[in-house]
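What follows is a short report on a single structure.
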Amino acid sequence: MKVAVIGAAGGIGQALALLLKNRLPAGSDLALYDIAPVTPGVAADLSHIPTPVSIKGYCGEDPTPALEGADVVLISAGVARKPGMDRSDLFNINAGIVKSLAEKIAVTCPKACIGIITNPVNTTVAIAAEVLKKAGVYDKNKLFGVTTLDVIRSETFVAELKGKNPGEICVPVIGGHSGVTILPLLSQVEGVEFTAEEVAALTPRIQNAGTEVVEAKAGGGSATLSMGQAACRFGLSLVKALSGEKGVVECAYVEGNGEHARFFAQPILLGKNGVEEIQHYGELSTFEQDALDSMLDTLKADIKIGEEFIK
């Protein structure tokens, strides 16, 4: 199984590469690519970690050698948020990066599962889909917006609030991956009850957690380490499912049946071909239903920006 990390010299990419070097199954191949000349050095550094995962690093203008034969491609390339920016401010730079990478993937490894981390995810996933579609290789079961960070934040914050072990908390998060489009389904957390006040406080905290980190880093970056952890969790789940493991479920932003929007995050059963089944997320509370209804216009507008960028 070959996993390619694209944008591997960045804050997320290096953290993700470190975690994958430690946690991929024995015999896996890990390829790192970034435009930055330091990338082969990052691979050399990680190659000294004694795990049975082979690693190679590539730099320069062309990601092709890293993409060749890849089963999973995780894209974290692009610029990060600075204080005062929201995820949509990143669009002007990151849209072009995702477009050119998707064009390379379409030629080099069109059957790979692609996890997009590069923000704004609501929009960049639509860009990748349109590029792959134009190339005649789009498989909606193999393109994912990685929203796992919203899930791990939800698990962490719920566990903190309720004095529980975060490993025992499961919070489905639906919608998109920015601001109001992030909807944690707190009504569905098993074994935990919330007051209306707790839900009203916790929901925006989860939605704005990225901004919390951007401000705390005071211009020195965005959420790179927690995002690396989230991307690793999603990447490992994909690898397990592609290897034939059953019952692997993660929330992700995918093209489904279009019930709410063309792309929508919800729990996904992963399988040997990517998305095996889009699971229904169950009954919503009144608070959640209202939040869902009021965010859909924002989500649809984000998607449209991506589609129109390619047309």
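Backbone N, Cα and C define each Cβ position, glycine as well.
His177 (active site, proton acceptor) falls outside any helix or strand according to DSSP and counts as coil. Annotated active site, proton acceptor per Swiss-Prot: His177, in sequence order, evidence recorded as sequence analysis.
Swiss-Prot lists Gly7, Ala8, Ala9, Gly10, Gly11, Ile12, Gly13, Asp34, Asn94, Ile117, Thr118, Asn119, Met227 with the feature NAD(+) binding site, giving sequence analysis as the kind of evidence. In the three-state DSSP assignment, the secondary structure recorded for Gly11 (NAD(+) binding site) is helix. In sequence order, Ala80, Gly221, Ser222, Thr224, Leu225, Gly228 are the residues near Gly11 (NAD(+) binding site), counting only same-chain partners six or more apart with C-beta under 8 A.
Within 10 Å of the C-beta of Asn119 (substrate binding site) there are 28 other C-beta atoms, taking all protein chains into account. The substrate binding site feature in Swiss-Prot is assigned to Arg81, Arg87, Asn119, Arg153; the stated evidence is sequence analysis.
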Among Arg81, Asn119, Arg153, His177, which are recorded as recorded positions, the nearest neighbour of Asn94 (NAD(+) binding site) by Cα: Asn119
Packing count at Arg153 (substrate binding site) (other Cβ atoms within 10 Å of its Cβ): 24
Candidates Gly7, Ala9, Gly13, His177, Met227, namely the recorded positions, that fall within 10 Å of Asn119 (substrate binding site) by Cα distance: His177
Number of Cβ atoms other than its own within 10 Å, given for His177 (active site, proton acceptor): 30
Sparsest-packed of the listed binding-site residues (Asn94, Thr118) - C-beta count within 10 angstroms: Asn94
Surrounding CB atoms that lie within 10 Å of the CB of Arg81 (substrate binding site), all protein chains: 20
